[in-house]
Structure formats: C-alpha cells, structure tokens
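Following: one structure in structure tokens, then a few remarks.
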Amino acid sequence: MTQETVHAVTPLVRVQDLSVRFAGTPPVHAVNNVSFDLAPGEVLGILGESGSGKSVTLKTLLRLLPERKTKITGRVEVDGNDVLSLQGRALADHRGGVASMIFQDPALALDPVYTVGQQIAETVMRHEAISKSDAMTRALEMLELVRIPSAKRRLENYPHEMSGGMRQRAMIALALACRPKLLLADEPTTALDATVQIQILLLLRELQQEMGMGVIFVTHDIGVAVEVSDRLAVMYAGSFVETGSVRDVIRDARHPYSKGLLAANLVGAVPGTRLDAVPGAPPPLNALPEGCSFAPRCAHAEAACHASPLPVWTGADGRWARCVQASRTETLAKAEGQR
Amino acid sequence: MSTPILSAHSLVKHFNAGGFGAARKVVRAVDDVSFELAPGETLGVVGESGCGKSTTARLLVQLLTPDSGSVRYEGKMVGPELPLKSFRSKVQMVFQDSFASLNPRMTMIDAVAFGPMVHGVSRAEAMRKAQDLLDRVGLDPTRFGGRYAHELSGGQRQRVNIARALAFDPRVIVLDEAVSALDKSVEAQVLNLLMDLRRERGLTYVFISHDLNVVRHISDRVMVMYLGEVAEIGPAESLYSAPRHPYTEALLAAMPSLDPDRRTMEAPLAGDPPNPIDPPPGCRFHTRCAHAFGPCSAQVPVSHRVGTGHVAACHLNAKTEEVA
Amino acid sequence: MAVTADTVAHLATIEKSQGYWRSVWTRFLRDKVAVCAGLVAAGLVLMAVFAPWIAPANPLDGSMIKRLSPIGTEGYPLGADELGRDMLSRLIYGARLSLFMGVVPVLIAFTIGAAIGIAAGYLGGWVNTITMRVLDVLYAFPSVLLAIAISGALGAGILNGLLSLTVVFIPPIARVAESVTTSVRKLEYIEAAQASGASSLRIVRDHVLGNVLGPIFVYATSLISVSMILAAGLSFLGLGVSPPNAEWGLMLNTLRNAIYVQPWLAALPGVMIFLTSISFNMLSDGLRSAMDVKQ
C-alpha cells in the first residue's frame, strides 16, 4: 500500500488525543495524548516495553477496559463510529463484528468447555442471521483459512487438545470469523516457540492481504514488528514517541529511545562487545516527569527536555518524533542545505 | 582443549508422566547429553520448549539427579570424588523468574548473604560481602539492601540474583533464560553486567536462552538441543554462519530478519515441536525435516565432526565427515 | 577476618524497608470490615477473660420465681433461663468455655497439622503419598460425625471434647499445610537455596516456614468458628461440656424447651455463637487479603 492512498481515503481508525487514566492515588497515566490514523488495509505495529501503554491503547479500541476504574478522554473512531460513546447493541456489533482481537495466550482466550467449532459458530451466529449448520460450515472454512490440517476433525476438538501453535491459529479463525475490518493483535506470538512464531506471523500477513483488513499489532519485539508492519509507532511511558514507515524507523530512528531499543536488539552489534544500553528503567506511570518522559534515561538530555510541550520533528510520509534533539538536527541540516 | 572445568557425560533424565505398565508414559527430557566447558568460555544453549535445556541446566548444577551419566568438575566426578557441598560453591545458577527466585520474606542483603553463611562464613562477614556484591551489580546497598523482592523491578531483582550467585565465588554460572523475562532495554544492561563480570572474574557461563541473537552475542560456543538430544554443537561463528544440522538451519531461518526489505517469506518448519513424551524413532527431527531420507526414520544419527570443535548429529553428514 | 567496628557501623546505615508484618498491618488497617470484625473478636475475648468482673450476677445462682423471665426484667437485663439464672451473666461466662473450645483445639491441631503437612510437602515423594493417604482416610468422615464418634467413645467432659475436636481438625490443617508447602517448594528460591548447599532443615527453617505459616494460620483461624459450633453441637448432644457449666451450645440445648414461651430468650446463645463465628471468619478473611504480597 503506497503512502498516497493512505491519506486519500478516510481512515479506518482515527484516534485523537486519547488519554487513559486508571483510578488510584495518584492516578495512573497509562496512555497520554496518543493520536494516530490507520488506513483500511494498513498494518500498524505498536512497539513498546511492558507498562508502555500499548495494550491499554489496543483495549480502548474495543472498550475492554473496566469502565468504573478508567477515565478515557479524547476521541476514538473506528469505521466512522465513535467508539467511546457506543452502547448496548451497537457496542456488541462493534466488538467482534467491526473489530476483533487476538491475545497472547489462546489457552485463556478460548473457552475450555466448548469445542473450537462451537465457539466459532456461536460467534458467527451472534453477529449474523445465519442457521446453526451454516455457522458450522463457516467455522470449517475458517479453520481451513488459517491452515489447520484436517480441519474437519479439528472442529470437534477442545482447546486443550490442540498444541500451542494450533490454538493460536484457532483463535485467529475465531477472530476473523465475522470478517472484521480491523484486527487488533496483542502480542499474539510472544508465548510461542520461534519456529511456530514465524508460521503465525506469515499466516497473519497472508490473511491480512487476502481479507484487506486493517491490523494494529502490539509487540515488544522489534523483529516481529518488522515482519508484519507497514508503519511503526514506538511507545514509551504511555506516549507515542516516534512513528513512521517501518523502513524509516528501523534505518534511521530519530528518538533516542528507539535508537536504544535497536541497540538492545543487537542490530549491528559485534558479538562479545558491550552493548549501547539505555540506563535505568521507565518512570512509574503515576509519577511521570514533566516534559519528555525519557529524559531521565537519555544520554543527550538537556534543560529544554524538561519543559512541555515538546517540539515535534516531522519528516516525509507522516514521520514524526517527539524529541528536542531530533527537531534541532533537522533545522540545522536545513540551514546547512540552504547555505 | 585443556582440562574442562565442567563436563557432562551421557546425561539421561526421564520423568514419569503417569500411567502404569505398558501404558506408562515417560518424558525423555534429556537423553544422552555430553559436552565439555573450557575454563572462561561461554556455552550458549538453544532450542524450543521441551528440548530439555532447563533439565540439562538443573542436572549440571545437581538440582536433579541424572538417571544415568555424570557431571564432572575439573575432571572429578561430583559425589564420589568431589563432595556435593564444595561443588555447590563452584557452580551456581540464575533462574528465569526473578521474582520466584527470591524469598519474599527476605531482604535483598540477607538473600545474598545466605549462601556464604551456609558455607560457614560469619554473619557480619557475609553481610559485608553481600554489600560489596550488591554494589558491584549496580544496586546501592544502602538503598536496596533492606528491601524485599516485591519492592524491586525485574531488572533489579535479576541483578540481586546474579549477586547471590556471585556470593559463593563460583567458577561457573548456569544462566537459565536469565534475561528472557526482562524488557529489551533492561536486558541489554544485564547482558553488559554479565559480560563485565565474566571478564573481571574469569567466569565460565552456560547461557541458556531461546533468543538466538542474544546467544550469538554472548557465547563462544553454542549447543543446539532438540527433544532432549544435542543436535549440533560448535563455535558460535561457524554454527551461525554454516549450520550443519537442518534443525539449526531452521531455527536460524525462523529468526525475524529485522530488515523490512528482506522479510521472511517462508516458514522453515511446519507445525509445533513434537511432544517429548513419545519422541519419533531414528533421528528425532525427521518428522519435521525437509531433507529427511532413508536412514533418518530408522537409525539414530551419530555425531560427525564437521569442523574444528564443531559436531553435528545428522545423517546428511555421514558421507562426507568422520565420526566424532 | 575480624569484624571491625567500621563494618558494623556501615551495616547499620542500610535503609530498613518497611518489614513484611508492618506492611501486612498497614493493609489490614485499611480493610474496615476486617478491623470491625477484629474489634468484635477482641471484645469477646476480653469479655471472657474478665467475666467475673463484668458479670452482674453469679451464673450458677438460680431463682425459681424468676424462671424464664423475659428480656428487660428488672435485675435481669437479658432475662433469666429455665432455672432462673441471670442470662446476661451466663452469656458472659459462657464466652469462656465457648471460646476455649473454639480456640484451643484449633491451636493444638495447627501445631500438629502444620508440622505433618510441612514435612510431607517438603519431603514429597512416597513420604507425602503415605501421609496424605492416611489423613485422607480421617478426612473422609464428615467432621461432625467424627467428633461425635470420638466424644461418644471417650464419654462426656471438656477434655474429651477438646481431644475429639483436635483430632477432627488435624487432617484439614495438614492438608492445607501440605498444599501450601508443595507450591512453595516448587519455587525457584527454594531451588536456589538447595543449590547453595544448605541442609533441608535449614531450608525449611529459613525459607519455607516464613512463607507457609501465615497462610496455614489464616486457614486455622477460619476453623475457630467451626470448632465453636462443633463444640456447641457436642454440648447440645450432651457430650462435651456438661451442666451446670455455662457454655453457649449447652445453653441453646437447655433453653430449647422454652422456644415457644420465650423465643427471643432461647435465641440469645445462638446469637452469641453467630456473632463470634462471623467475626472470626471475617477477621481471617481480612488477614488473608492483607498477607497477599503482590509483585
């Protein structure tokens, strides 16, 4: 998908200024002023460590957070619907019909007392006026779609009778049964062995292209993100710090945190040498520092980093990074170019 | 190779998985595993879940007793020739779960001092040593010494676990997925610490991980395990650049490329790793191997020397290479 | 190497984190229900201890004219029982025997059961299998039946009642102790301690006990109410405590005939049993959640 079409069509997902607070003393600032668009058929990878707010962002798109303890501000639109105001029937149609989700642990996400076939058929019947036998036929199609061998027999299997990779395939089948326009993937391959992980990643990539759906893929693993994403967003302490096409972010990271992550993934490291490690740990989400949350760990931090709002550097193809230094180097480069 | 500091000789460990008589199920967790560690080197151990990496680690540090085979420290068989207690202070282990490996009711300084005290060091002396070690692993003892495990982050806890292992002044440390549960940026810090300590103290590591990138970075030699057996073992350099076992090849091919222009186009293996309860006959890998031919399903492959210190157990090497 | 004064001084500067039991206490204080239950339980215990000073009358002195006086009669604030004894005083004195029969068997059973369970759990293997199967046999009897059977065989009396209740509570406590210990034993800090070369006894003392006694104790406190009710049941059946002693279960039994004449009066011992058991149960619930260490 080329960059022009991304901007030409109305986005499938439009998130504006999304913030999520969890009740507590002091409250936990899990997501802070996150904005992004996702075009239909686009794959966005959200890369972040534990506690960065990546999963919370994803769950907000399905309104899966406990309502009483959560305060959500901002605007979330999926397929033209204002997700934050959906109620009752409309919310149920949204969950599973328009958008659906796959999780890290299929053993927890699938119901152990129903067969895989029953679960898929039931989901289809909930969203579409369709007979039970037709729903079962659809379930069979779905299992074949996710390349489960001898699918007919597997229809009768309970989740515990399947291996880890097979269960993950079954969960993908369940998520895609109603042909959603948006698939939300929350670390779906993290618990799997490497040789199985790559199978699932390739499957997701194929299915995404076949069905043309938009995907938001949350992971802590750069390698995984690169395998599946068109665009990449790097998240730190509840904020997006950098976004751009996968190629741009990997080849030319502008935010020092993204650079640190790449170094930690041993990109271009000589074996046996010390790594260029980012010191320290992320700040607690109930006591975020003023200005850039990464400044306390950043080797290049300066006075300007501790003030809000932070300058944002923008590049071509919707690239940007929220960093004082990134914006300055760009201005310098421009100035030099003009000279 | 000079006298190995630690060596495993035909280690076998099977677990009972229920059932009686003919229906008795046995998990063949480790089957005939042998290898040697030279002083000061780091051996990486890789493989998928159920390949026996963790069982091998526990056999090495004598937390499990092998069904047969033995572990030798500097050539002396542990048990008959070397008392277990003195072996314990020479070979230590760091576990994956940093929280579960610390007693929730013990302060960090007590946790580190416990080992030396078991070995007869006075309490004051053990405390002093624990302070120095906490300091060495990057934790200010005055701030962290009095804390409990749940008051520390994952990275800090793993530093404490490393300090605890160091408190014995060991020569060998077995690291069982010791950095796997940490966030990437913290993992890099701990890897740096491990590499610094190795240089300072001349430590020998057995570094077990599922992350091939990390293993490549820290290891001198790498051992690839599959369903309880050693598939291939050799210098990191040649094993990664020219693997001689199809399974090693597949593992390497399954690594995400980290290059958006050279994404993986084909999965090297289909399906999940088989269950170690009932491993396939012959070469255990033949059911998933793209190169499987005649003898693979019938004969257990012997180890062939395929390079300097590089051994692979695959029938493909039978014609060209000598038996190791 | 000699320990210098400097070393000691240096050690002293370590910031002591809030200890485990301190943090449990802080969390417990935040739980209002548990604190209320704790206060009620404490009040009941004080009432039992200071019964002779609190009680307005001798619990054994009866007056035939005042038999079954209703609640609120002058001089008898809570009425009088079927022999004309002051109900309030009997209820206060009753707390002594009732609490004794609730707490003591559980305490003894806790000591024995925890020892058995921790040993079986830590040693594992065939020791565990045999111990637990033997306990399962005892466990298979309903606790009421078992208590009645033992008491019946031994005859009435406080000591025999105590003994039978203790025997009834050993298997469940040992079971919980075994399962808690087994789960702790699988944790890696126990493996790390084993890899340190420490002896089993030392590992149990330094690493196991501190982590298992708390949960076992909490479970045992939840048995106090059961023990009280069982003791009351034994007394009710004429086993355990015998007249004219004041004990709530026994009082419930002897007032049973008056239930149509003075229903509120007859219900009073039951109210006390209910109040005591519910306050001990809520207290143990509160303790359990306060002792949960989160990562």
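Positions of Cβ are set from backbone N, Cα and C atoms, glycine also.
Look at TrEMBL and you will find C:95-284 tagged as domain 'ABC transmembrane type-1'.
What TrEMBL lists as transmembrane segment is C:33-55 (among others). Sequence-distant contacts of the transmembrane segment (C:33-55) (same chain, six or more residues past either end, CB-CB distance under 8 Å): 86, 88-89, 92-93, 95-96, 99-100, 275-276, 278-283, 285-287, 289-290.
Distant neighbours of the transmembrane segment (C:97-125): 44-45, 48, 131-132, 135, 158, 161-162, 165-182, 184-185, 200, 203-204, 208-209, 212-213, 216-217, 220-221, 223-225, 227-228, 231-232, 240-241, 245-249, 272-273, 276, 280; these residues of the same chain sit at least 6 beyond its ends, with a Cβ under 8 Å from one of its Cβ atoms. Residues or ranges marked as transmembrane segment in TrEMBL: C:97-125 (among others).
TrEMBL lists C:137-159 (among others) with the feature transmembrane segment. Counting residues 6+ beyond its ends, the transmembrane segment (C:137-159) has Cβ neighbours under 8 Å at 97, 101, 165, 167-172, 175, 226, 230, 233-234, 237-242 in the same chain.
For C:216-239 (among others), the entry in TrEMBL reads transmembrane segment.
What TrEMBL lists as transmembrane segment is C:260-283 (among others). Residues 33-34, 36-38, 40-41, 44, 68, 70-71, 78-79, 81, 87, 91, 94-95, 98-99, 102, 221-222, 224-226, 228-229, 232, 248-249, 251-252 of the same chain sit 6 or more residues outside the transmembrane segment (C:260-283) yet have a Cβ under 8 Å from a Cβ within it.
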